[in-house]
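Step one of this worksheet: look at the structure below.
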Amino acid sequence: MEITNVSEYQAIAKEKLPKMVYDYYASGAEDQWTLAENRNAFSRILFRPRILIDVSKIDMTTSVLGFNISMPMMIAPTAMQKMAHPDGEYATARAASAAGTIMTLSSWATSSVEEVASTGPGIRFFQLYVYKDRNVVAQLVRRAERAGFKAIALTVDTPRLGRREADIKNRFTLPPFLTLKNFEGLDLGKMDKADDSGLASYVAGQIDRSLSWKDVKWLQTITSLPILVKGVLTAEDTRLALENGAAGIIVSNHGARQLDYVPATIMALEEVVKAAQGRVPVFLDGGIRRGTDVFKALALGASGIFIGRPVVFSLAAEGEAGVRKVLQMLRDEFELTMALSGCRTLKEITRNHIVTEWDAPHVLPAARL
């Protein structure tokens, strides 16, 4: 079967992967309302395309924290990619580099920062969970810096792991032939089997629940890398992020894996963008499956987007070639959306190019909640 869109990779991944692994990647928290809403909310935003504009040349290039990339689509941190494919994060790093965009490596990767750096050139960010042992954190940040990573994406929505019922049912644990490579020499790389989710037990034992804004300040004392705060959904927290020196904000609900019944990230985006007042870039993570979704996020003020699940599903299906194809398909769809909306550059994408349910309720059918 010829793959014609990003979503088709999920069905292939479901066939190929062990149930425990597929469920880990695919599932959300509790009732999974937010998981569905992350996708459904995009359908409540419609286009207002402009016509008779010369779109023979389309420029999708942009810069993120001063780094030039080919398009406003980047790779979000997703853990344990070698469960999807033996090449894991190596394949993802090479695919991102080939596409001229940024890969974010998870703290819980099955390849270390040094191993990913060894795949060749590329702009890479490092996603950070803050462990109870701050020496571990400081050591890890320094390693990421030495390995040439360009920013820290600090995940702030996980003082405890969300209740992921599929993982509890499956007694999820990292397969025995894999480790969390960044922590291997620190005796923190293994995840034991537990009575529920092995990951939930690991997080309860290792991750610091006392994490607060003062720790964002502390991070700035141990690294010169810019810090993106990942997991912001409100104007209030946006203002606090600015006060505490964040270099950027990632609007994220952790792929709907933490607190269920939070809004879709695309619904929270505009509130965060308005609160940021252009002082730092705001990015969106969650639910992106089409180039049209990317355009909608930019029209609502995002500087760029991150994709997560499409990467692991395409990796499971076709390895590095799959990830390359996902990035290319999103790029092609986004370019077409720009052309058909009458936009030649990212700057030309404005709020006037879309209409949302909350702008004009009479224009759209009532939300099907």
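Glycine too: its Cβ is placed from the backbone N, Cα and C atoms.
Where the annotation comes from TrEMBL, it is an automatic prediction and has not been curated.
Annotation for His254 (active site, proton acceptor): same-chain Cβ neighbours under 8 Å, separated by at least 6 residues, are Thr155, Asp157, Thr158, Gly162, Gly231. Among the features that TrEMBL reports, active site, proton acceptor is placed at His254.
The number of other Cβ atoms within 10 Å of the Cβ belonging to Tyr129 (glyoxylate binding site), over all protein chains shown, comes to 21. Residues or ranges marked as glyoxylate binding site by TrEMBL: Tyr24, Tyr129, Arg164, His254, Arg257.
The FMN binding site annotation in TrEMBL covers 77-79, Ser106, Gln127, Thr155, Lys230, Ser252, 285-289, 308-309. Under 8 Å, Cβ to Cβ, and six or more positions away along its own chain, Asp285 (FMN binding site) finds Ala76, Lys230, Ile250, Val251, Ser252, Gly255, Thr265, Ile305, Phe306, Gly308.
Annotation source TrEMBL lists domain 'FMN hydroxy acid dehydrogenase' at 1-359.
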Spatial neighbour of Pro77 (FMN binding site) that is closest, considering only the binding-site residues Tyr129, Arg164, Arg257 and their CA atoms: Tyr129
Where the record names Tyr24, Tyr129, Arg164, His254, Arg257 as binding glyoxylate, the maximum Cα to Cα distance in Å: 18
